[in-house]
Amino acid sequence: MAIKSSKQNEENERIITPKEKDSDLQNDIKLRPKNLSDYVGQESIKKHLNIAIKSAKIRNESLEHILLYWPPWLGKTTLSLIISNEMWVNLKHTSGPAIEKQSDIISILTWIQEGDILFIDEIHRLKPQIEEILYWAMEDFSVDIMVWSGTWATSIKMEIPKFTLIWATTKLSMLSSPLRDRFWNILKLDFYDIDDLSKIVKRSFKILDCSIENPKVFELIAQKSRWTPRIVNRFVKIVRDYKIVGYEVETQSWIEIIFWGLWVDPLWLDYLDRKILENLNINFWWRPVWLHTLASMIWEEEDTIEDVIEPYLLKIWFIEKTSRWRQITSAGKKHLEDSIFL
């Protein structure tokens, strides 16, 4: 069945997007865990980091460099903040696209203090010449700065205080072997299970002073979150708002009504997810379609489709993809036939 939605709804930002929204920032400061003991999920990573941090403190040295990867929106920034809190050091945050010139990264390194943590997101988008500077900074804690130009050009070695570099990427395969080999700690984040997400829901309600105690409500919100804490907390705040204005939200039926009003269907797809599935199903039937063709048909950027929308559809086996084309699966077709989304 085709999706019926107004253009205004399509232009609004998706409530279920895992990307950080401006409205998330203020409450996320309250809800964000500050240390490993408050951090729910990712148990193997927590165990590894706990040992590494304790060892670094005993040795009175900086933590070894860390590479965090895959998949997107699972709290790499939060984990970096926790590491800096556990190590009692400052955290400096930037991203690959923001570092355009060699002078940009040198400027950042100039302000590094002993023991600081430098967190760089989207490292797969760093330029090769920037990577080369960071190689030396990671291993020798120094960088060469060019002075003057032309025949008078020379380089001066600048020493950098020992620091920890945390790099994050959603595309590990795009990193060169020499780059990966420079990390002692390579940690893979994974999607959260329902039990852990239910614990996050309960914790967030408590922090927000919202007296909801029904475990079934916790579980239902967790199930709708696409295994992502950020979406969990966004839903928690929405349910909190309904409760504040007088709605009885401690039943599963009321939670379902709230989600239906948010354009989230029984399998937690919203209008944009279904728009992609509808286009693959109706316009291309069983034929594969190239990414740029699909992007132009639904008026979305290719990066948005690839990084924000597709990961969930792939995980629930509603689409198949290669580097170029996409195709709806039989499970995706069946969901469109069995569910109604007005």
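Each Cβ is built from the backbone N, Cα and C atoms, and glycine gets one as well.
The ATP site recorded in TrEMBL comprises LEU31, ARG32, LYS76, THR77, THR78, GLU139, ASP140, PHE141, TYR192, ARG230 together with one of ARG180, ARG182, namely ARG182. Neighbour counts of Cβ atoms within 10 Å were compared across the binding-site residues ARG182, ARG230; the minimum falls on ARG182. Sorting the binding-site residues LYS76, LYS321 by the number of other Cβ atoms within 10 Å puts LYS76 first.
For the pair formed by ARG326 (DNA binding site) and ARG230 (ATP binding site), distance between Cα atoms is given as 27 Å, rounded to the nearest Å.
Counted over all residue pairs in LEU31, ARG32, LYS76, THR77, THR78, GLU139, ASP140, PHE141, ARG182, TYR192, ARG230, the record's binders of ATP, the longest Cα to Cα distance measures 38 angstrom.
The Cβ of THR77 (Mg(2+) binding site) lies under 8 Å from the Cβ of HIS93, PHE119, ASP121, ALA168, each on the same chain and at least six residues away in sequence. Across the domain 'RuvB AAA lid' (192-247), the model assigns an average pLDDT of 90.
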